[in-house]
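**Q** Just lifted these from Swiss-Prot, have a look:
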- 60-65, 94-98, 118-119, Lys131, Lys140, 158-161: NAD(+) binding site (BINDING)
- Glu173, His239, His256: Zn(2+) binding site (BINDING)
Amino acid sequence: MQVEVKLKENAYKVYIDELEELEFDSKVFILSNPKISGLHLKTLLSKIKAKEIFIATVKDGEEYKNLSTMEEILNQMFNSKLDRKSVLISFGGGVISDMGGFAASIYQRGIDFINIPTTLLACVDAAVGGKTGVNNNFGKNLIGTFYQPKAVYCESFFLKTLSSRELAAGMAEFIKMAAMFDYSILDFIEKIDEKSFLNATCENEIFTQIIAKSIELKSRVVEQDEKESRLRMLLNYGHTFAHVIENFTDYKLYLHGEAVAIGMVMANQLALNLGLLDKMQSQRIKDILLKFGLPISYKINNVDEFYEAFFMDKKSSNKKINFVLASPLGKGLIKGDISKEDIIATLREFQ
């Protein structure tokens, strides 16, 4: 199966379960992490033909997605004597995808890269759309570029080795897509047998459908708003809260998708308090998240600090926080005129 991301410039295809043989007449630099390399690198190498292949592994986890690790990656690229015709392959989850794309975008002012995601979260979100970057002390993904891959290959085979926690985290991003753009997808999600899904024993077709539905939705959004001027902001549903939670917990307590799950619950509570979402729809999202074992609560210790952290969000402008809300489910809304009092009141409900 193939889905084309039809951009005015730099259009590309996402191949789902179609990874066969990749041929290059240049050097190839594979960026991965130790776990994925141990599980799947031999499989990937058997499918690549190139002049030379270089392999670099970096520690995985949001806490390592920073400028220090980026410098390490770039040094390995220079030591490999890559040129502008070389190709970087990001082979891993969302962290590897973000860092690999960023490295490719700034190495010698840009080289080609290909995403081969190995987590569900990366398949449905991080690997498609061209957002790249790293975190710093001020927040998540505040340093980065928009830089599109030449191709993306999503293989359900790789997902079979994921933990139930990793699969659930990917499902959170899929739920986000449904809540913003297609209410009917929630019906599909509710029919999935959570036990076989979380054990990765479900039919490959389930993974294929999840990936395809997500990419079809996201590609349509990216095609209309590649640089996130407005419409693409809706893909950040739950993320305004999630990024603060991740930053406050040093990126160690929650997987990204888990933080997004909590963020969606918080965003829904805000929408509920503002009269933009009804209780039944808010509860429906909670029930679906719980079905897949995702967290739905976070204890805020200092409401004022949490509130101030919102202003480091990339969607904030002119001292206003742009919140992405579901109003109703299946239809996203960007609202930047919410009073501090209303925001604080919602945050206090999570103390």
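Cβ atoms are placed via backbone N, Cα and C, with glycine included.
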**Q** Between the Cα atoms of Phe158 (NAD(+) binding site) and Glu173 (Zn(2+) binding site), what distance do you get, rounded to the nearest Å?
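**A** With distance taken Cα to Cα, Glu173 (Zn(2+) binding site) is 18 Å from Phe158 (NAD(+) binding site).
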**Q** Taking the Cβ of His239 (Zn(2+) binding site) as reference, which residues of that chain separated by at least 6 in sequence fall under 8 Å from it?
**A** Val260, Gly263, Val324
**Q** Far apart in sequence but close in space: which same-chain residues, 6 or more away, have a Cβ under 8 Å from Ser97 (NAD(+) binding site)?
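**A** For Ser97 (NAD(+) binding site), the qualifying residues are Ser90, Asn115, Pro117, Ala122, Ala126, Ala127, Thr132.
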**Q** In Å, rounded, how far does the Cα of Gly94 (NAD(+) binding site) sit from the Cα of His256 (Zn(2+) binding site)?
**A** 9
**Q** Using a 10 Å radius around its CB, how many other CB atoms surround His256 (Zn(2+) binding site)?
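**A** Around the Cβ of His256 (Zn(2+) binding site), 26 other Cβ atoms lie within 10 Å.
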**Q** Which has the fewest other CB atoms in a 10 Å radius around its CB: Thr119, Thr161, the listed binding-site residues?
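**A** Result for the binding-site residues Thr119, Thr161: minimum number of other Cβ atoms within 10 Å at Thr161.
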**Q** When neighbour density is defined as the number of other C-beta atoms within 10 angstroms of a residue's C-beta, which of the binding-site residues Asp60, Glu63, Glu173 has the lowest density?
**A** Glu63
**Q** Around the recorded Zn(2+) site, report the further residues of that chain (criterion: Cβ within 8 Å of the mean position of the Cβ atoms of Glu173, His239, His256; site residues excluded), sequence-ordered.
**A** Leu121, Asp125, Ala172, Lys176, Gly238, Ala242, Gly257, Ala259, Val260, Gly263
**Q** Closest to Glu173 (Zn(2+) binding site): which of the binding-site residues Asp60, Glu63, Thr119, Thr161, going by Cα position?
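**A** Closest by Cα: Thr119.
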**Q** Taking only the Cα atoms, work out how far His256 (Zn(2+) binding site) lies from Thr119 (NAD(+) binding site), in Å, as a whole number.
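**A** The separation of the Cα atoms works out to 12 Å.
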